[in-house]
Structures are given as C-alpha cells and as structure tokens.
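Everything below concerns the one structure shown next.
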C-alpha cells in the first residue's frame, strides 16, 4: 500500500476549515489580524503595568509553593545563623527558608517584589499620560474609573503582600493598619476585631491576608484588567492629531505582524529589566528585620513607595482630636481614611466634572496636547505635587538624618508644603502651558526663525522668518490655523538639513542627494503642519 | 462582523480570481474591514541591499546572545554554589548571576524582536474608520421595547402579590447569604471573657490577684539596681508568654531617671489632673507603655538629653518628665504610666494594670 504523503500546507488548511466549521472564526479573525493601532511611545506605559502583572503572576505562583501562611510559633533552625534558635512564626521561617534554602528562591522573591513596585509605578505614569492628554474623556470615562480601581487594588495587593513574611517591618505595618481601622468612628473596634479575629495581632491575620493576596485581589485584578483591555479594544485606541488623523479614523499600523511583534519584544525587554533588578538590587531583606515583636521597631521604617504618601499624610497631620461627649475621633482618621478615600474618589469623578464644566457631551478620539488645556494640567500638577510632598514626608526621618535637618523642621516643611506647593504648581504649569500655546501661534503666524539677520536700507536689523504656509502679495505669511499638533519650530524640522546617514563608522549605503538648504516647500506640503515624521 | 455593514470603499474583487497575488487578497480583506493602506514600503533600497543584510546579521546576533545567556543561566543555576553560608562566600553571587544572565537573555530577545519589527518589516501607514457611532435610533427603540416586553411578560407590575412575595422572599435570602460571612468574622471587642481593649498582661486579676512582676524578654525579673541612672529597659509582664505577641499591648519602657529629672517627673505625676498617675513612680523609676497612642508602633527612641520619647513611625514625641504628654507630632494622648512598686523579694511589680487605655485611640475610649 502506498503511503499517503502528508502535505503540511493542505493539513493546515484542513485544520483551519475544521475549526471554522465549528467556531465560525474566519471572519472575526480577519478583523483581528487587520485591526489598526495608532503608535506613540506614551501608549506603551500601560503595557509595562500589564507585563509586570504577568511577571507577578508567574513569580507569585512559585512563591506559594514554599510559603507557609501560618502564625504557629517555631524555633528557627535554618542556615542563617544570626537568627538560629529565635522563636518566630512559620510564615517568617518559611520566608527565610525560601530566601536561603530554596535554589533561586531569593531571586524569585526579589523578582516578585520588584515587579510589584514597577507595576504600581507604571500605573501612575500611565494614569498621568491618560490624564494630561485628555484620553479619559467621553467615551472612555468608565475605563478611567477601572484604571483608578486597578491602582487601588494594586495598593491593597501590595500591602497584603508585604505583610505576609511577618518580619519586623511588616508587623509594624499591620499594627498601623489596625490603628487605622480603630480610628473609624463607631465601628472602629468592631472592624479591627473582625479582621484580626479578636485582639491585635491574634493568630489569623497572616492566613486571611494570604487568601486575599493570592486569590481574591489577583482574581479581581485579572477580571478588571481583562475588562480594561477589552474596552480599549472595543472603543479603539485614541490617537494624537496630525496629518490625515480625524476623530472618525485610526491612523497607524495593523496589529499583525508589526504591532504585535513590537508588543512581544517590549514584554521581553520589560521582563529582562525586572530580572536584572531582581538579581542586582536587594529588596526587602527580611532577615535583617528579625521576626515581628510588638516592642521592637527601628527608625527608617518605611512602607513600599506607593504606600508612603499615606504614611506621609499621617505624619504631617496635626494632633487634632474631635470630641463628641464621651466619644472621640482620633486625628489618624483624617489622613488615613478620608485622605485615602478622597485620593481615589476625586480622580474617579474627574471626567464627569470636567465635561460638566466645559459643557462637553461629544465623543473624543483625538488626544489633546497638554498645553491646549492648561486648567487640566494645572489640576493634574496640583494632585501630583500633593502626592510628591506626601510621599517625601513618608521618608522625612531618613531625609532629616541624611541631610542633618531637624526632624520637626521636616514635619513643618511638609505641613506647609502640602498647602502651598500645589497652588504654586498649578499657577506655574498654567503659565507654562499658555506660554507654549502662544509660541505655537507665533510660529504659525510669522514662520520659523532662520537665524539669518538682514540689514534694511534704513539701518534696522531684522531676522528673516521662513513662513510655514503661503504668503500674501507683500511677502508676509498668511497666518495658519492651529490644528492641535506639533508645530515645526526649527529649520531642520522642515527639511533644511540632509537626512542622517546610516552606519556607525562608515556609511552603509550611499546617502541620498542632500537637498538645497533650505528645502523648497512643495505645494502639497503647505497644507500640513505635521512633524514630518 | 459581517460584510453587510462593512461595505467598505472601493470596488470589491473576486478573491477566487487566480491572477490575484496574495497581497491583493489581503488588500481585499482590508477593504472589507474599512482599512486603507496609505503607504507600505520596504525600509531598504532594492531586494538585496547591504543595509538589510547587515540588519539581519545584527538581529541574528541578538537572538544568539539571548540563547547564550539563557544557557549561561542554566549552567550557573546548576553548578554555582547556591547554599547560603554566613560570611563572604561565593554563594553571595548566586542571585546576581541569575539576574544578570536571565536579564541579558530576555533583554536581548526583546531587542531582537523589536529590531525585527521596527527595522526589517516594511513601514506602513494604514487608516481604519472607527465606526464609533451609537446604535441607530431604530435599534435602540427595538432593544428598549424588547426589554419592556420581557418585563411585561413577567407581569410583576400587574401582579402586586408577586411583587411583595418576591421582596419578602428574596431579602431574607440575601441576608442569609451575607450572614455567615459577617457573623463568622464578627467578634465583640468589649465582650467577656477578655475585654481586650482595656486590659494588658499587667492586670493582676488573671494572676490570682497578685501584682504582676516586670520581666525582661527572657522572663527574668528585674531589680531596681539592674537599671542604671539615665538608663532604660523594655520590660514585659512576668506571666507565661508575657513577652510574646499574644500580649502585644504590654511592652513597657522602664526608665531610671536622674534625681533632678525624677523630682520634676514626680511632681508632674502627683499633680496629674485626673489623678491617675498619682504615686505611680517608684523612687526615681518611671514606667510608660511602649505602645504609641497614635498608631501603635513602639515609641522606643529615648533621647536622654531632652527626656523625650520618639516614635519612629510617625514621629510623635512624648515628654517623659511630664506624664509622657505628647509635645510634637500627630499623637493626641499621653503614654499610659504603669504604677510601679517593689515586692518583698526586691523585684519590680506593677501594683495594678495601666490606668489609661493602652494603644491607638478609638471612638469609645473612656
């Protein structure tokens, strides 16, 4: 019998046919392969968060194989001699075991921690990009709200995560968390007792935080991230204004192959950077902190950086206690509960507040350059400077120590700074935006400075400007309209210089003929005000 | 996604036409998805350009570097001494080596893929129409009416009895679902047998009404001469487990003041407005709860010169010669003072529990 020859092309085609018979996949798949994405470096900031999250899931699963979320007291007998014989919880002992006696365990622990820090950092930078360019406007308000929720969940994922090793530092963090719960009016003691299963610290909290950290919070995070990306996909990405770009189209490149490849390459690069950091930079050396003891803490006790703003606010709060007859409201309530609440609810409401103020009900798919909405930039800078002052105050004891400043002076500087820095940031950023706007208009009206000085017959010196558009009968440029995109302001941006030659030591290929400088502006280019990229 | 509402622009072509190239068919697909390719051009001059070959070589090199370092990662992972030993040993470099080898491998792979996409693939500029319009008024009407129709069919509006019955049936069931979670977690913070908010390990009642001795972390009792003047010691209740986290509110700072400071402190304690601290010092010794009244960290940094206690968490400062009143920072309440005495055998005891409430403040604190 003759063996049938297997033709790979035919086999693939048959497989594809079979798949389409069953799932009707061909038509939607065509749409997916063809989907166009706009491209700009700032659109990739959110990707860093996504990639860090994937690294978090991968490294986190590894850690669960060795971590024991139990507060059972054991005597340490591992290879770190300095702690041998010390009574500690199983959680702390297993974290030490993971760091010292599991091959590559410390590397995985540090990778998990660095990925978490990067996750939060990239979320903040991504949020800033979305905010300052107005990408949150209709129809994307819901996705903005989901983004804020992702930050909040990341905050709690981080807090529950660094509480798990039950070392000296994380126990102190838990104690403060319990105090924050206690500060709630009426229900405070009941809430703390419910979470800790009785008196602080009890014997349940590590187990409860563990299930929250490995199942509940990542489950919700995963669901919200899926919805977040799904909405981006459905609504299509925003794009910058520019030549050919309108509110009704997407100008860019198709998802496959180039865009998807760039995503994959970027993922690997982010993963590589996290691995480098995990290997080279020590983070959370829990063996130095010892097991948690209620009586022990050292100075320079700082939480992870994304919690520091809250610690800073708590440090700066004056000791204002409010009394209601026999009851009282501790000052801790304001920065920790009200402060955290406001920092999350106000940004969530912002898209609607801005739309209401501007009476704007239209859908926006074109981004705004920050300078074109100075008020928004001012408000954003206010929020960021508030966050920065609060975060720095979270480390004010370290700053005071390193720079030999009085600790009390640092606290007062933070208190005053929290009130006056944001308004200054608002004023300055609004002025800068207006100045940038004005310069754009000036170049559009008069042209680009050439650096050529001309002497007039009457002895006056003038600089010659290269008009960007047509000129009138007297040779004066006809002012152009601003289209919301970069205005070329240097002669080499409008073709006055030859294109760069490829090659490091010698040209790889013969360079193209250099154009006469300045390049003649062809009629087709007169309509555009693009960056010529 | 059907071709029905993606008419597309331009004329359709017959995709079965054998004369069409593959790219022609791709373009027909793009047309159906309302995408127009504006430019699609190779980045190189001609099919055999030197620049292209050079780029291919560079990218191949990057892939090889990725493979080489991944291999190095594996080799080091297996052969490098990894078991932790105290002191400066070769195992110290295990984690950095893993990081560097894996990091370079992944990074090189990433750059290789990026360079492939950015430098080898043709540059393209495509325009896709958004179709971001809302559904048509007709569709909205139909969907809305369908939803109303569903509600009509159920007839909850027409059948008031059903409405009431559903409310009465579902609300308790919802509560029943929430009850185990809430009920299981709930714990009365003021309930018997241990009203946890107001009692510490120094309470004499569980100790058979005998005053509780002060002890070091190892459980040994303390004599007055064990603490020199100007010195301080963290002490715990001398009961089983007194120094563990089970009694997290009990750690106390025993301070031996110098004579002049002690006089000031005693005058302040005896002149205490609510009288709770009266007679709580013993000789020149005073003991304050170590648990900060602000957020519960141990207020453990003792400044001898200024007689201040500083909490390192949020920098509350307490004046130890004035009933540990807060003088700076976010704390509002003084640190509770432990009434001290010395028993027949000459060891420190607490004559009673703390009279102020220990630990962070809360709503119903008396």
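Every residue gets a Cβ built from N, Cα and C, even glycine.
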Annotated range (TrEMBL: region 'Disordered') out of A:490-511, A:512-533: A:512-533
Range annotated as transmembrane segment - as stated in TrEMBL, picked from A:14-40, A:41-67: A:41-67
Range among A:81-101, A:144-164 that TrEMBL annotates as transmembrane segment: A:144-164
Winner by Cβ pairs under 8 Å against the transmembrane segment (A:209-233), considering only A:41-67, A:176-197, A:264-283, A:374-392, A:412-434: A:41-67
Annotated stretches the transmembrane segment (A:41-67) and the transmembrane segment (A:264-283) touching (3 or more Cβ pairs under 8 Å): yes
Tertiary contacts of the transmembrane segment (A:412-434) (same chain, 6+ residues out, Cβ under 8 Å): 312-313, 315-316, 318, 370-375, 377-386, 388-390, 392-393, 396
Rounded mean pLDDT for the residues that make up the domain 'Cytochrome b/b6 N-terminal region profile' (A:15-241): 94
